[in-house]
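**Student:** Dumping what TrEMBL says about this protein:
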type     : residues : note
TRANSMEM : 173-194  : transmembrane segment
TRANSMEM : 201-222  : transmembrane segment
TRANSMEM : 242-263  : transmembrane segment
TRANSMEM : 284-308  : transmembrane segment
TRANSMEM : 328-348  : transmembrane segment
TRANSMEM : 491-512  : transmembrane segment
TRANSMEM : 518-535  : transmembrane segment
REGION   : 587-608  : region 'Disordered'
């Protein structure tokens with residue numbers, strides 16, 4: 001909270017992209033006065049462009065262009081050769097190119113007008129859409145201007161270049177997030193009424209999308225690498241990231257194709273699995289609305305997080321000079337605070353998703369352990385939410401914290417790996433890759449057991465540690481029976497998430513590629529991919545959590561009941577038939593019933 005308040009108070013994200021004049025006024029905004037700067041605090045709502053008084057002879061000192069800059073409403077389209085031309089341009093266009101306290105009528109009368117107005121002749125210029133600067137169109141002036149601007153961007157640290165890319169592409173990021181939402185909704189409806197043809201279609205789209213995205217990434221890498229105009233550090237970083245993306249996408253494509261070929265014979269089995277899950281969701285229709293609330297909460301949190309990050313990145317103290325100018329001095333230690341925000345992003349996002357998983361698991365448990373299947377309990381979702389907030393928030397906090405602990409080393413390994421790439425230490429890089437894969441596998445396993453721990457909490461009402469222990473015991477005892485049931489269903493859901501991320505990233509590649517200049521757009525693209533995965537996970541986890549909760553309830557049902565009249569099972573006939581068929585498919589050499597009581601051999605009987 002301290003860092004959040006500090007960032008909001010000390011930062012001004014608009015300065016990063018919108019630009020500001022020599023007197024501390026942010027162009028395109030209503031400003032507050034700065035003490036000691038009489039020309040500050042002006043309303044620049046209609047003056048969105050930064051104009052330099054000597055644009056043909058710029059110099060840079062300490063990441064600051066040594067020239068007076070003003071906020072103007074429009075850039076001069078034609079060359080202005082005299083003070084009279086400046087005066088005429090101001091009257092006709094309403095854009096004053098001289099210092100603010102010099103009135104238009106005094107342009108030709110004030111003896112100091114030559115010092116307060118731009119150097120003559122003023123070259124024709126055009127507004128540059130990214131940084132809202134008036135860029136001179138005269139070839140000689142443009143060359144000098146571009147060289148100074150390139151030097152300024154190259155000397156910025158990576159943190160601020162990334163912030164600039166996020167702000168510059170904010171509209172694109174929002175549009176891509178909406179696209180990911182649309183894809184997620186389509187998949188939710190498809191899985192709700194799934195048929196065999198839909199599974200084949202999904203697999204075909206995922207394969208096509210992975211091949212297409214991999215091809216586009218390699219093409220963009222080749223295009224950037226052979227572009228002779230690549231001078232900016234942002235563009236060089238884009239080339240490096242594109243190579244990494246292309247290699248990663250190619251590897252994922254090969255792995256997914258291999259898994260699809262191995263598991264292709266279980267497609268019909270998967271359709272039956274989703275029909276059972278759809279039947280449970282049909283009894284609790286409000287489960288399908290749960291992702292909407294999660295999505296809205298995530299969006300609000302992400303917007304807040306990005307706003308705090310941008311404010312933190314532009315945190316600086318305004319200092320006035322003897323001439324009434326304003327300079328913003330960046331504060332030290334800001335980058336270290338950003339790491340704190342990244343940890344908060346991961347932990348809070350995982351906590352929100354954990355709350356959704358516990359809500360779904362609680363509703364499914366309530367429905368499963370109901371004797372009268374034709375009369376399900378009323379408002380199971382609301383009941384599950386109330387139990388979560390009253391008793392089990394700590395369970396969600398602990399589970400999400402454990403995932404965060406495993407994810408932070410992965411981020412640190414990526415950071416160290418980028419450093420080692422420059423030193424070309426092959427052994428160290430190989431070691432870091434192995435460690436990264438190990439942490440990824442551990443996180444995947446922990447996420448799986450967390451999900452079952454949440455379901456066990458909903459069944460027994462115990463704390464996280466006790467529930468995790470019980471879940472491990474049940475899963476270990478029934479691992480052979482449950483693994484074959486959930487494995488391919490989870491894989492199809494994972495393909496759905498890949499589908500959303502794949503086509504969202506493809507849309508981002510096409511959108512960001514049109515704005516190459518001065519943008520570190522590969523990092524915003526990675527952020528979009530991360531958001532797209534979280535969105536798809538939020539929506540598709542309804543089916544994933546429901547399926548896992550059903551079969552964990554089934555295993556607990558087998559442990560606590562014996563199928564007798566006094567202790568009948570809660571399972572219904574359709575689920576029983578499905579489990580029997582799945583186990584026969586897994587092991588055709590076993591001729592006995594798939595689930596028998598371990599103590600007295602009582603066969604499982606459906607609840608009538």
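Glycine residues also receive a Cβ, built from the backbone N, Cα and C atoms like all the rest.
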**Student:** Would you kindly check 173-194, 201-222, 242-263, 284-308 and say which stretch has the most C-beta pairs under 8 angstroms to the transmembrane segment (491-512)?
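**Tutor:** Of the candidates 173-194, 201-222, 242-263, 284-308, 201-222 scores highest.
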**Student:** May I ask for the residues of the chain that lie six or more residues beyond the transmembrane segment (201-222) and have a Cβ under 8 Å from a Cβ within it?
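**Tutor:** Sequence-distant neighbours of the transmembrane segment (201-222): 187, 190, 239, 242-243, 245-246, 249-250, 252-253, 256-257, 260, 492, 495-496, 498-499, 502-503, 505-506, 509, 513.
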**Student:** Cβ under 8 Å to the transmembrane segment (242-263), counting only same-chain residues 6 or more beyond its ends: which ones?
**Tutor:** 203, 206-207, 210-211, 213-214, 217-218, 220-221, 224, 488, 491, 495, 498, 522
**Student:** Grab the same-chain neighbours of the transmembrane segment (284-308) for me: Cβ-Cβ under 8 Å, and only residues 6 or more beyond its ends, written as numbers and ranges.
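**Tutor:** Distal contacts: 3-4, 7-8, 13, 166, 177, 181, 184, 188, 192, 341, 344-345, 348-349, 352-353, 355-356, 359-360, 363-364, 367, 376, 380-381, 531, 534-535, 538-539, 541-542, 546.
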